[in-house]
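Novice: From TrEMBL, for reference:
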type     : residues : note
COMPBIAS : 687-701  : compositional bias 'Polar residues'
DOMAIN   : 1-133    : domain 'Amino acid permease/ SLC12A'
DOMAIN   : 242-444  : domain 'Amino acid permease/ SLC12A'
DOMAIN   : 503-594  : domain 'SLC12A transporter C-terminal'
DOMAIN   : 750-854  : domain 'SLC12A transporter C-terminal'
REGION   : 682-701  : region 'Disordered'
TRANSMEM : 43-65    : transmembrane segment
TRANSMEM : 90-108   : transmembrane segment
TRANSMEM : 114-135  : transmembrane segment
TRANSMEM : 240-264  : transmembrane segment
TRANSMEM : 284-310  : transmembrane segment
TRANSMEM : 384-403  : transmembrane segment
TRANSMEM : 409-431  : transmembrane segment
Amino acid sequence: TFLTCISLSAIATNGVIEAGGTYYMISRNLGPEFGTAVGILFYLGNACACAMYIVAAVEVFLLYIAPNITIGGQEVHDDTGLTGMMSNNYRVYGTIILLLIFIVVALGVRFVQFFAPISLICVLISILAIFAGIIEKSIISSNHRVCYLDNLLLHANAYASINITNDDLCSYCNFNNPKLIDIICHNSSSLDSCGNHTLTCEKAFPGIQSGVFLANLPSHYMKAGEVAPKQYISDKKLEIFQDVTTTFFVVMAIYFPSVTGIMTGANMSGDLKDPQKSIPQGTIAAQLTTSIIYILLILAFGSTIAGPVLRDKYGQSMNGSGMVVAELAWPTSWIIMIGAFTSCFGAALQCLCSAPRLLQSIAKDDVLPFLRSFQVLTQWNEPFRCLILTVLIAEMIILVAALDRIAPIVDFFFLMCYTFINLACFLHSILGAPNWRPHFKCYHCDKKEWGDGMTGLILSTAQFSLSKLEDKQPHPKNWRPQLLLIANLPLAQNWRQNETNRKLISLASQLKKGRGLTVAIALHEGQSTNKNAKIIAAQMKKELLEEMTNAKVHGFCSSLIYEADQLEGALSTLIQSCGIGPLRPNTLLIPYPEELHAENRLQHGAMQDMCLLVLKGIPYFPENEYRMAGNIDMWWILHDGGLLLLISFLLKQHKLEEFATPDISAYEIQRSLQNDTSILSRKKQNESQIPAQTIQEESQTGKNEYMLEISEKNSNPAHLSQLVPFRIVHSNNDIENDKCGRKFKCERKFTFSSFESEISNAINREASTNSFNQLEGHSSEERVIREVHSAVCLNGKIFEKSSASALIVLNLPEPPKKESALPNYMEYLNVLTHNLRRVLLVRGSGSEVITKYS
C-alpha cells in the first residue's frame, strides 16, 4: 500500500485532477480502455466494501453490544451456515443499517462529513484504550482467566454460568464441576471412565514480562475443524475450534480490507479544494499512520495475549463481552465495542458516498454507452441514480452474510486497482514522456542498464508494437518532439559547416528528455549511381553517427544523394517519406536560413504541417561540454499550443550541460495569460515559478497604439507574401545604439522609396489621430509597412528585456506558401531578430497542445 500511495501521489501531481479520483487518474494515464475496466472494478470494490463494513457492524452489534436482540436468541450465534439463523440476522439487520446509511448519503456529502469526526474520535479513543490496557495488564496482574483441557482451550459457556465474573471462572475449571464432567465423560458420572485428563486455569493476558512474545512468534495455521495444529475437534460444544482453514494468504485476505481506506480521500477528489496538494499529503499520512498503529498493535497483542486466546475468533473462551481486544482495553470493554461499531459504520458511510461519484465519473466519460443514464446529477449535484444502483449491489453482497467470504471479494477489486495505479506510474517513468512531470519526486527506483542480450526479442517486440500502432494523429497529451535534422557533412574541412552540424546535434541532445525519435540526414550532391558518390555518402553517414554518439543522441542517421537540380524535390520527398508508419518525425530542426535551399527546407517543413525549430546565432550556441548560465526568455507572441513552453522545459531538463539555468521567463505581447499562467505555474524549476510578464503599451499616442495592434493581432502574417521590396538602413551599426523606448517609440531609422515614404507618412498622420477604423481600407503596401514597423519595435523590446539572456525562444511566423515570397519573408525575420545573439525560433503545427491537464 505504501508503494501505491507513492505512485498515486506522483500521478495526482502530474496534472489537474477532477471528480473521479483513482478512476480519473488511471483513465487519463493508461487510456480509456484500462481506465474504464479498472474504474468499474474499483467501483464494485467500494460497493462490496460498503456491504462488508455493514456486516462487520452487525456482527459487533449482535455478538457483543446487544446479543439479546438476536432473532432466535443467543443460542443461534454459532449457526452461521448459508441458511443458518445467525446468517439471517446479518441479512435483516444489515439491510436496516444499509437503509439508514442510504438516507444519510442521499441528503448530501455535507451530512456524511458530519459523522466523520465522530467516527474518528471513537477510533482514536479506542486505540488509546487498547494501549492503556496493555500497560495496565503488564503492571497489574489480570483477572481474566481461561480454562484448558489437556492444553486445549475450552468454551466458557460450556462449563460456567453466563453471568459469573472473570474472578469466579477458575472455580468452575476443575473436576468438581458436574457440568464439565458430564461433557468430558459423555454423561458419565465416573471420572475414571474418562481416562487421564488435565484441567488448568491460566491467565488470558500474561503480560509483556511473561515472555509470551517468543511463544507467539512461530506460525500456527490450522485447518477447518482443528482445535490445535493437526488435532481435530472432538466436541463442538466444549472446545474452541477453527471454522475456516487458515493460511498466510487467507489471513492476509481477511486483514487486507483494513488498509483499503487510504483511497477514500482520492475518491472524493471532486470535493477537494486542492487535490494536487491534499491527495499526496492525506494519502501518505493515512498510510503511514495506519501502518504504524497496526504494527504496534500486532507487537503488543503478541507480547501480551496468550496464543490460544489470540486464535479464539469470537472470544468464546472468556466470560464477559467475548471480544478479546475489548477485554484487553482499559478502563472498560465498552470503549472498544462502541469504537468498532462506529468505525465500521463510518467506513460503510464513506464507501457508499464515494462509490456513486466514481460511477458517475465513468458514465460521464461516455466510454460505455449503457451507463449514459447514470450521468444525471440532481439539483444539489448528487449522483442519485448511481446511489440507487450502489445500494442494490451492496444489498446483494449483504445477503452473503459471511464476513470471511466477502473480504476476499473486496481484496480482488482493490488489488486490481492498486496494480494499475503502480503500472501507470511505472510506464510513465520508464517511457519518460514529456507530459510526465509530477511535482512529487519520490516515486522512481534506480535505473539499471539491462544490456542487449535480448536483441532478438527487442526487434520482435518493436515490429509487433509498430504493427499495433494506428497511423493517426496522436493524442495531444502523448505528443512529443520527433526531430528531423537535415545536415551536410562534407569530407573537406569546412569548419563553418561542421560547427553548424555539431551545434544542431548538440541541441537535439538537449531535447532528448522528450523521449522522442531523432532522425539525422546528411545531404550530398552527386549522382546516385556513381560509386564515389556512394562512398562519400557512406562516409558522411559514419561521421554523422559519430557526432550523434558523441552528443549522446539516441536516434537514426542516414545519407541522401541528390543531383544539383533536384534539391527541392529531394527535400520535399525526404520530409514526406521519412519514418515508419506512425513513427515519423514531426519537428524539423534546421539552422537559420542563409541560402535559398535552406529556405526551402523551412518552407517544405511548414507545408507538411511539421513543427519548426530554427537556430539563429549558431556560433554562439554551446556544445555539450560547456555549461551555460542565465535565463531562457520565451516571447509568446501568439498561442501555438504551448510548444515554446515545452521546448524550454525540455532544455531545462538537461542538467549536466547546456541551459543548466535556474530560471525561465515568459513574456506575452498584450494579451491575457489567464489560461496560460496555470500552465506556467506547473513548469517549476528549483521550486520557483516561471515569471510570466505581459509587455503592454504605456503610450496613448495613436502611432504607438497602432504598432501595438499590429504586434498583438499579427499572429499569422498572411500578408507577408505581398511584401514589396524595401531596404533597412540603420542610423548606427553598433548594437548598443539601437534602443526602443518604453513607449514603443522606435529610434531606428529606415530609408524607403519615394512611394513607400508617402505611405509611411500617411500612416503616421492617421495613427496620430487615433482613427483606427480609417486604416482598415489601406492597400497591401500600407500593410507591408505596418508589418515592418511592428517587427522593428518588437525587436527593440526583445533586445531591451532579453539582451542579457542565455537564450531567446521566439514564435516563428508561418512561412509563405509561395516560393517567390521567401526572400521578403526572410527580410522580415532578419528585422525581427536583428542584433539578438542567440535565438531559437519555434513554430507549432497545431496538433501539439500543452495544457494544465498534461
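Backbone N, Cα and C define each Cβ position, glycine as well.
Note: TrEMBL annotation is automatic and uncurated.
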Novice: Given the transmembrane segment (43-65), which of the listed stretches 284-310, 384-403, 409-431 has the most Cβ pairs that are under 8 Å apart from it?
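Specialist: It is 384-403, which has the most Cβ pairs under 8 Å.
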Novice: Could you tell me what the rest of the chain brings near the transmembrane segment (409-431), counting residues at least six beyond its ends with Cβ under 8 Å?
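Specialist: Apart from its flanks, the transmembrane segment (409-431) reaches 1, 3-4, 6-8, 10-11, 14, 22, 25-26, 29-30, 34, 38, 41-42, 44-46, 48-49, 52, 253, 256-257, 260, 263, 397, 443-444, 515.
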Novice: Within the domain 'Amino acid permease/ SLC12A' (1-133), count helix residues (DSSP H, G, I), strand residues (E, B) and coil residues, in that order.
Specialist: 108 helix, 0 strand, 25 coil
Novice: Looking only at the domain 'SLC12A transporter C-terminal' (503-594), how are its residues distributed among DSSP helix, strand and coil?
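Specialist: Taking each residue of the domain 'SLC12A transporter C-terminal' (503-594) in turn, the totals are 45 helix, 22 strand, 25 coil.
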